[in-house]
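Undergrad: Submitted below is the structure of interest, expressed as structure tokens.
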Amino acid sequence: MPLSIPSPEWSFTDLGPFRIHAYALCILAGIVLATAMTSYRLTRRGGEPGVVLDIILWAVPLGIVGARIYHVLTHPNDYFFEGANPWEVFAIWNGGNAIFGALIGGAVGAWIGCRLSGIRFWSFVDAVAPAMLIAQATGRLGNWFNHELFGLPTTLPWGLEIESTNPAYPVGLPVDTLFHPTFLYEMIWNVLGVIVILMLERRINLRWGKAFAVYLIWYGVGRSFFESIRVDPSEYFFGIRTNIWAAFAAIALGIIIFLVQRRAHPGLELNVYVPGREWKAPDPEVESQDTDSDLEDHGDDADGSDAHNAPTATSTRG
């Protein structure tokens, strides 16, 4: 029985005038999983339930914009040539979204959302760090459905089957050539990254942006390798693919953040809110022990203080 990985025959479905792509569903699933995980982590650390949604509403749209801008800028020959349709730049449904651009745009959106909600930016990105890897792992599954971003030819038994009519199929190779399933490699790497971050959090202080720093380093290291074995077209600088340079930048930024934040904030993070914007959880609802007879007994007091305070006690329930 062959162990090679077949490419799916299905990549989209039509619902009336709408075409639903599997790639889009994978991205949406990743966003949902990441939002749920981030909300759980931030709420456990003292954040108001639902505050993550307020931040995500900024981070996701700007992340999509950033992903598209980065892709267009790093693939200019696909969009800027004589006779090109300028509107194709905005056609994100035709594919072409870059994770590094999503990180930049998403970070800007998260910063705006944090400013509006009162959450510390570093607290949020620490909470979202492992969730980002979950989202990216889920999104990579979309590359499998799209038959894209595969690696170099391989004779390994788990090679990926790609049809020879694929535009990215290298010229001159036999039709039964297998390719490295880079989507699968990156999925596994990202899931391992989640485990690493969660385990490190149990052993050392990974607050004040340090968990996010570990995420940047981990993802940058993996991406720099996986990018080096991909066969899809790319812009090159000094003989190196642009996304490898971006991965190197992520590693460097992660190291800088970790060292700077460790020095600036060696202690524990006591609150995920900026000073003056703290949210206090409501006290658990407590049933009043007062009865009607109690109120009647105290209603004859000369100053009526008990009778005056009784409604106040009732109004503070919940």
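Quick reminder: no glycine exception, Cβ is built from N, Cα and C everywhere.
This is the feature table in TrEMBL:
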TRANSMEM  20-39  transmembrane segment
TRANSMEM  51-70  transmembrane segment
TRANSMEM  90-114  transmembrane segment
TRANSMEM  121-139  transmembrane segment
TRANSMEM  183-200  transmembrane segment
TRANSMEM  243-260  transmembrane segment
REGION    280-318  region 'Disordered'
COMPBIAS  284-304  compositional bias 'Acidic residues'
Undergrad: Can you tell me which parts of the same chain pack against the transmembrane segment (90-114), counting only residues 6+ beyond its ends and a CB-CB cutoff under 8 A?
TA: 19, 21, 23-24, 54-72, 74-75, 78, 120-121, 124-125, 128, 136, 139, 146, 148, 223, 243, 246-247, 250
Undergrad: Which bits of the chain, at least 6 residues beyond where the transmembrane segment (243-260) starts or stops, bring a Cβ under 8 A of a Cβ in it?
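TA: Non-local partners: 74, 98, 100, 103, 209-210, 212-217, 219-221, 223-224, 227-228, 234, 237.
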Undergrad: Any residues 6+ beyond the ends of the transmembrane segment (20-39) with a Cβ under 8 Å from its own?
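TA: For the transmembrane segment (20-39), the sequence-distant neighbours (Cβ-Cβ under 8 Å, at least 6 residues beyond its ends) are 8, 10-14, 49-50, 52-53, 56, 60, 93, 95, 124, 127-128, 130-132, 134-143, 145-146.
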